[in-house]
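As annotated by TrEMBL, transmembrane segment applies to 31-53, 65-84, 110-132, 144-173, 193-213, 225-247, 267-294. The annotation domain 'Rhodopsin' is assigned in TrEMBL to 49-290.
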Amino acid sequence: MSRLASPPLVESLDLLAEEKYRLTHETRGPLVLSIMFTFYGLSVVFVSARTYARVKLSRYAGLDDWLIVASELICTAVVVFIYLQVRYGDGRHFVALSAQDSNNIAKMNFFAVTLWTFSITGTKVSILVQYLRFLPSRKTARLIWFFMAIVVLGGLSTLVVVMTACIPLRALWDTSLQDTAKCLDQRLFWQIQSAYEAVTCWGMLGLLVPPLWRLQLPFEQRVGIIVLLGLSSSSCIASVLRMKSAFDAIPKAANVVHDFTWTGIMATLYAIVELLTGIICCSLPALMPLRFVICPKLFPSRRRSTRPVQEIAPQCASHTPPAPIAHLVLPTPSMTQLTAASPRNMYVWALHDGSEGSGRTGSVDTGDCRDVALSAVVRDSSGDCT
């Protein structure tokens with residue numbers, strides 16, 4: 001989060017030698033870097049695996065895939081700027097830093113926050129686009145588009161505030177200009193922004209439960225799908241922690257002495273963990289086809305049936321025959337190979353009418369829903385086919 005630089009106070013503080021030594025050598029920098037690079041390394045692995053699964057196995061990469069790749073690339077720059085912050089002394093006590101170090105930390109933080117805004121917005125939009133794959137009903141789709149508009153507008157608003165936080169902007173990191181500069185209330189803004197991120201995160205998670213709970217699937221599979229897709233929004237916990245740290249990172253009044261490099265680094269840590277967790281978890285559903293490559297013996301290939309689509313299509317409640325129950329059939333790489341007779345939007349279904357031995361499989365056109373890993377029959381509570 002953005003923080004205003006202030007002059008060092010080491011010369012004006014009357015401290016014991018032992019206390020001054022502690023304040024000079026105590027640092028949170030190594031802890032922050034170790035956590036950040038661990039999550040970043042995992043994000044690189046998961047995004048790379050996701051891209052491979054979509055491009056090589058599924059032979060289709062959608063908008064959500066390219067958005068998450070772009071977010072990962074921008075996140076790489078954010079990680080670099082946070083690393084430079086720590087190198088300049090972020091995570092140490094304010095009294096241990098020179099005025100130049102404080103200015104450099106604030107400058108690196110400004111660039112990190114600007115890029116973080118782009119990356120977190122792209123990640124959330126990618127998650128919502130991914131939701132459209134699995135929740136194609138009109139009612140749910142309208143809610144998803146509504147949340148997408150809120151996320152984009154919120155990201156643009158954050159970017160505008162960050163770019164106009166001080167006039168002139170250089171006063172954010174140049175202490176010599178802060179006496180004459182006009183700056184926004186940083187503490188209030190970041191508290192509101194953190195609360196906004198947390199609310200939208202939990203709201204996105206809440207979009208999943210009602211429609212997925214109505215899946216015509218056994219209880220265990222419904223819970224499993226909800227948990228798997230819900231991981232995409234698991235960064236909500238980091239959002240709440242960042243909201244808490246926003247109250248501690250910036251003083252209430254401009255004339256209050258505050259150890260911002262010691263407390264503010266935790267807000268930075270929660271922000272980057274929130275971003276990286278979102279990138280990692282939203283890649284999990286796309287990795288399911290890799291199980292057939294990693295463990296082919298545990299997941300043998302299934303031959304696709306040539307039974308016509310009309311014989312296996314799910315039936316609406318308006319039809320007299322009982323609606324078939326869908327059983328999740330995970331695809332193999334061979335199922336996802338595109339041929340002239342196998343278009344991109346053909347998927348594998350296993351259906352039965354409830355009687356023993358009546359199971360049958362086949363392919364069905366799912367329209368825009370191209371994620372072969374989690375295809376399932378979704379029906380609204382009203383009984384309309386989606």
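Cβ atoms here come from the backbone N, Cα and C positions, even for glycine.
Keep in mind that TrEMBL annotations are predicted by a computer and have not been checked by a curator.
Long-range neighbours of the transmembrane segment (110-132) within the same chain, counting only residues 6 or more positions beyond its ends whose Cβ lies under 8 Å from a Cβ of the stretch, are 1-2, 62-65, 67-68, 70-71, 74-75, 77-78, 81-82, 85, 141, 144, 147-148, 151-152, 154-155, 158-159, 162-163, 172-173, 197, 200-201, 204, 207-208, 229, 232-233, 268, 271-272, 274-275, 278-279, 282, 285, 368, 371.
Model confidence over the domain 'Rhodopsin' (49-290) is summarised by a mean pLDDT of 84.
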